[in-house]
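These notes concern the structure reproduced below.
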Amino acid sequence: METAVAAAPAWGFFSSFLLLAFGTLVAALLGAAHRLGLFYQLMHKVDTASTRHGGENVAAVLKAHGVRFLFTLVGGHISPLLVACEKLGIRVVDTRHEVTAVFAADAVARLTGTVGVAAVTAGPGLTNTVTAVKNAQIAQSPVLLLGGAASTLLQNRGALQAIDQIALFRPLCKFCASVRRVRDIIPTLRAAMAAAQSGTPGPVFVELPLDVLYPYFMVQKEMVPAKPPKGLMSRAVHWYLANSLANLFAGAWEPQPEGPLPLDIPQASPQQVQRCVEILSRAKKPLMLIGSQALLPPTSSDKLRVAVETLGIPCFLAGMARGLLGRNHPLHFRQNRRAALKKADVVVLAGAVCDFRLSYGRVLSRSSKIIVVNRDRKEMLINSDIFWKPQEAVQGDVGSFVVKLVEGLRGQMWASDWAEELRQADQQKEQAFREKALMPVAQHLNPVRVLQLVEDTLPDNSILVVDGGDFVGTAAYLVQPRGPLRWLDPGAFGTLGVGAGFALGAKLCRPDAEVWCLFGDGAFGYSLIEFDTFVRHKIPVMALIGNDAGWTQISREQVPSLGSNVACGLAYTDYHKAAQGLGAQGLLLSRENEDQVVKVLRDAQQWCQDGHPVVVNILIGRTDFRDGSIAM
C-alpha cells in the first residue's frame, strides 16, 4: 500500500515532465516551421522555372514611387537591382565613390521633395556612405539607401564583406530593415519610403541579401547541393536548405501594391495658430527666420513665397530657404542678423534652430516673444530655458503654418520704419564689403572681388552648390541664389566633400539649370575624381575653385591662437589641368588675367552650354574678411 502511494507522486512528476518535454518539442517544431515558412508554403508555391529576380521587385517599387535616378557604385551584391532599374527606365548613374552616390541622392531629395535613392554593395561599400547618411540625417533629407549583403544563411559565418550593417546604420536612420524573403521586398521598401518622408524627414536603410536579389536557379545552385545526400545528417541538412530556399521564393511573384503609402505630416492646431496670430498682431518689430524645413512638401515654394510677402514681416533666410524671395526683395535682409534679433520684439523661428548657428539661443533677446515652429520637438526646443524661452512652441509643418498665419493676420500692417532700420544696416554692411573688394592682397586675386563678379555674372536659372570653408563662407555673404531651392550646402553638419554629389543630383533634377559649384581648394580634393563621372555621363556642371593653397578657415584661427600653421598648408595645384586629364575643360584665373574674370566665367558658361563639365581654377590671396569666423 505504501509502495503504491509513494509511486503516485513519482508518476505524476514523470507525466508532467513528459508533457513539458512534449510541449517544448512541439513549440520548437512550430517555431522551426514558422522560420522556414512551412505553413506559408502550403498556400503559396515556388515557381522554380522562373528566371525573375528580386531586383525586379525593387525596381518596380522605385518606379511606382516616381524615382527617376538611382545613384550607385557597382558591386556584385546589387547587380540585379541595377539591371532591373535600367530596364524600367530609371537612370542608373555610377559614381567613383559611394559617398558621392548618397550625396547625389540627398540633392535629389532636397530639390524634388521626394525620396532620393542610392544603392551600394555590402561591407566597405556601405561603410563608405556613413558620412553622407549622417549628413542627410542632420539635414533632414529623405534618402533611401539600398545595401547589398551576404546571403541570409551565410551571415555571421565569415562570408565576404559580411558585417552587422543594421547595427551600423540604426543610429543614423529613421528606419532600418533587412529583407529575408523575396516576397518581403515590396512591403519593406514601401514602408521605408513612407518613413523617410513622414514626420521629420530623414534617411532610411534597407539591406538586400544576395539570395533575395538573384533568381531562383542561381540561388539554388549555390545553396542546395546537387548530389543527393546519403547519411541521416546530410539528409537533414539537405531538407533544411531546400526548405530555406523554398521559403525565400514562396509567393515571390504574386501581385502586391507597389505605390506610395500615406504620409504622416504633423500640423499646427488651430488653437496654436490663433495664439501665434495674437502675439504677432501686437508686435511692433516682428522678425522671421526661415529655415530649410519651410520648403518641405506639401507647401510649394511659390505658395510659401506669396505667404511671406503677404505677411509683410522682415525676414532672414537660411539653408534651402535662401533665395525664397529672389534678389533684393524689400522684406529680405542678409546682414547684421544678430543685431536685428536683439532689437525685435517678436521673433518667429520658422524651421530655424537655436544651435551653434544662433549661438545656442544667446542671440535672442530675453525681452522678445519667441514663436518656434518645427516638425521635430527635440530640435524645436534645443537649448530652451537655458539661453532662451519660447512663448509658443508649435510642433508641425513649417510651410503650412506660415500659410495659416496669413489667414489669421490678413490686413495686418507693420510700421515701415522697422524695415527701413534693417535696410540701412544692410546697406552699410554691403558698403563695407565693397571696400574690402578693392583692398590689395599679397598675391593673386582678391576673393571678395572675385565673388562680387560671380554675383554679377550668375544667371537667373542657376543652382548654387557650395562646398568649402573660407571661400564658401565668404560667398554666403556676397552671392545670392536667384530663387528658392537654388542653394545647396551640406547643412548643420558642415560636411566637406558634398560638392560633386550635390552637383550631380542637381543637374539631373534640373537639366535646364546652370549648376555653379563654389569650392574651396581643400574641399575640391574630395570631388576631383567625380569629373570622370560628369564626363562619362555627359553632365555639364561648372566648378569655381577658390584656390588659396590652404585650409584657410582653420589657418586663420590656428596661427594667431596656437602659433603654428601645421597641417593647414596646401599647394597652388593645377586643378584645371587635373580636370582636363579626366576629360573635362579646365580654365585658370590668376593675377596675370585678373581683368578677364568675367570673360573667363562666360567662357566656362559656354563650355557647359555645349555639354562639357568645366573647372575654373581661381588663384586667390588672403583677406581678413572672415577673421573670427570659426563656430565653437
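One-based numbering along the chain as shown.
Note: Cβ is positioned from N, Cα and C throughout, glycine not excepted.
Per Swiss-Prot, transmembrane segment is recorded for 10-30, and the stated evidence type is sequence analysis. The thiamine diphosphate binding site annotation in Swiss-Prot covers E98 and is backed by similarity to another entry. Annotated region 'Thiamine pyrophosphate binding' per Swiss-Prot: 470-550, in sequence order. What Swiss-Prot lists as Mg(2+) binding site is D521, N547, and the listing cites similarity to another entry.
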For the residue listed as 'thiamine diphosphate binding site', the number of other Cβ atoms found within 10 Å of its own Cβ: 26
Winner by Cβ contact number (other Cβ atoms within 10 Å) across the binding-site residues D521, N547: N547
Conformational class of the residue listed as 'thiamine diphosphate binding site' under the three-state DSSP mapping: helix
Composition by DSSP (helix, strand, coil) of residues within the region 'Thiamine pyrophosphate binding' (470-550): 34 helix, 16 strand, 31 coil
Integer Å distance between the CA atoms belonging to D521 (Mg(2+) binding site) and E98 (thiamine diphosphate binding site): 21
Confidence summary for the region 'Thiamine pyrophosphate binding' (470-550), mean pLDDT rounded: 97
